[in-house]
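Just below is one structure, and these are the notes that go with it.
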Amino acid sequence: MTKLIIILLSAVFINNYVLSRFLGICPFLGVSKKLDSATGMSLAVIFVMLMATAATYPIQIYLLDPNGLGYLQTIVFILVIAALVQLVEIVLKRFVPSLHKSLGVYLPLITTNCAVLGVTILNIDEGYTFLEAMVNSLGSGLGFFLAMVMFSGVRSVLEKADVPKSFKGLPITLVAAAIVSLSFLGFGGVIENLFA
Amino acid sequence: MEAILTAVIPVVIIGVICAAVLVIAAKVMAVKEDERFPAVRECLPGANCGACGFAGCDGYAKALCENPDTPTNLCIPGADGVSRQLSDILGVEFADVVEQVAVVHCSGDCEHTSDKVVYQGIESCAAAKLMYGGKGSCTYGCLGLGDCVKVCPHDAICIADGVARVNTKDCVGCGLCAKTCPNHLISLVADVERVVVACSNKDKGAVTRKVCSNGCIGCKKCEKVCPLGAIKVVDNVAVIDYEKCDNCPDFAVCAKNCTVGCILTADLSGMHRVK
């Protein structure tokens, strides 16, 4: 149980996908302008990360590894995740139109998002069990959510700030992202010591 | 060769399975979409201005397809052309669009009012408004930093002499400026209305007079001369009820009799004082 909590918390804070591993930067910079779109995007990411892990983990363990096809991991995962997200979109559109409406725009955007692919591959590399892999995916998704929501707050403040002309737009956003990322360094070593 | 095949075949198999599942799912769980929707959506200008009262052009197109009672004349930027196309597609009677234009309820230009402070902050009305209500001595008036100019999709607004002015020829009546103005000085009126109160100062006459010589002093003279009872002084500023103002037998009588001249008449070239 302690191990699961450590996995969850370190996925959220220490190994934050956006701010420490620098995966999923594209949606992080692209969709973090407004709080509601940032929330929608992050919820879609959490959802897809869990689905993708649930689908790819068995494929790796029962299909690729026994047949010595481990080197096909990347391409097979991309294929499966892309198909899975499309399938989820079709199912949602049919049965949960309201959820499709709020997540719908973001789902196709993250079909081959590197954060999603990164989670599934790192789950295998770390040698997690299925349960641990799912917890790690949830934590990674929550970490993405945290980073997006925090950063949309930072950006809404930036919008009102009087920025020098040469820094306006993307440059100051990148500077702000770097500072937020630096602040997450402070979490290093905290989680392990919580349970020591 | 064998090594290539052992890699390619599993990927192909997985790909084919995924494709088959997707094809089946798309067929089984297809959602019926109104076949008129793409045609309707194509007619609308796609500015997503929200003047129709729906969430963007998609929302309006959806409402048109689903609910036959939705009026086809709600798209103000599209005007009569769009309304006619929509009624052709949907098979309903053509309804005339009442074109709207934005009008600015302030005429406190550099000549008639003055600055109380030198403002050196961010070039934005919203920011300036936070600093003691802006740099001008009238806190109700145009802040003159052009938030409306920035938001206008058709470049129909400019700041001239410190006051926002709408070029009615270019204005499509989307109302984005009205939503943006922090002092709520801009409103939309039907394009046929031609009398506008160009002041929003709610202070008493004497106070208004001190800050702006164009300000409405609430003398109620316009109330008395209006033959239709369409103009009323509310909170020390004249307000026109455009429903009553229609077909005025004595056009612009209020403007002609205004003591300070803050009631303007407007035509395609802009707003004018009568006197």
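Using N, Cα and C of the backbone, Cβ positions are placed for all residues, glycine too.
For B:1-26, the entry in TrEMBL reads region 'Hydrophobic'.
For B:6-26, the entry in TrEMBL reads transmembrane segment.
As a whole-number mean, the pLDDT of the domain '4Fe-4S' (B:32-92) in this prediction is 79. According to TrEMBL, the domain '4Fe-4S' annotation covers B:32-92.
Counted within 10 Å of its Cβ, the other Cβ atoms near B:Cys49 ([4Fe-4S] cluster 1 binding site) come to 19, all protein chains included. According to DSSP, B:Cys49 ([4Fe-4S] cluster 1 binding site) is assigned to coil rather than to any helix or strand. If you look up TrEMBL, you'll see B:Cys49, B:Cys52, B:Cys57, B:Cys75 marked as [4Fe-4S] cluster 1 binding site.
Residues or ranges marked as [4Fe-4S] cluster 2 binding site by TrEMBL: B:Cys138, B:Cys142, B:Cys148, B:Cys181. Around B:Cys138 ([4Fe-4S] cluster 2 binding site), a 10 Å sphere centred on its CB holds 26 further CB atoms from the protein chains shown.
Among the features that TrEMBL reports, [4Fe-4S] cluster 3 binding site is placed at B:Cys152, B:Cys171, B:Cys174, B:Cys177. Note: B:Cys152 ([4Fe-4S] cluster 3 binding site) has non-local neighbours B:Leu176, B:Cys177, i.e. same-chain residues 6+ apart with C-beta under 8 A of its own C-beta.
Here TrEMBL flags B:162-191 (among others) as domain '4Fe-4S ferredoxin-type'.
The domain '4Fe-4S ferredoxin-type' annotation in TrEMBL covers B:207-236 (among others).
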Report task. Measuring CA to CA, name the entry from the binding-site residues B:Cys138, B:Cys142, B:Cys148, B:Cys171, B:Cys181 that ends up nearest B:Cys52 ([4Fe-4S] cluster 1 binding site). Result -> B:Cys171
Requested in this report: Find the shortest Cα-Cα separation between B:Cys57 ([4Fe-4S] cluster 1 binding site) and the binding-site residues B:Cys138, B:Cys148, B:Cys171, B:Cys174, B:Cys181, and name the residue that gives it.
Outcome: B:Cys174
Query raised in the report: In sequence order, what residues of the same chain, 6+ apart, have a Cβ less than 8 Å from the Cβ of B:Cys142 ([4Fe-4S] cluster 2 binding site)?
Result: B:Val104, B:Cys106, B:Gly108, B:Gly136, B:Gly162, B:Val163, B:Ala164, B:Asn183, B:Leu185
Requested in this report: Pull the DSSP breakdown for the domain '4Fe-4S ferredoxin-type' (B:207-236) and write it out as helix, strand, coil residue counts.
Outcome: 10 helix, 5 strand, 15 coil
Query raised in the report: Of the binding-site residues B:Cys49, B:Cys75, B:Cys138, B:Cys148, B:Cys181, which one sits closest to B:Cys174 ([4Fe-4S] cluster 3 binding site) when you measure Cα to Cα?
Result: B:Cys49
Report summary line: Cβ density check for B:Cys148 ([4Fe-4S] cluster 2 binding site), other Cβ within 10 Å (all protein chains) comes to 27
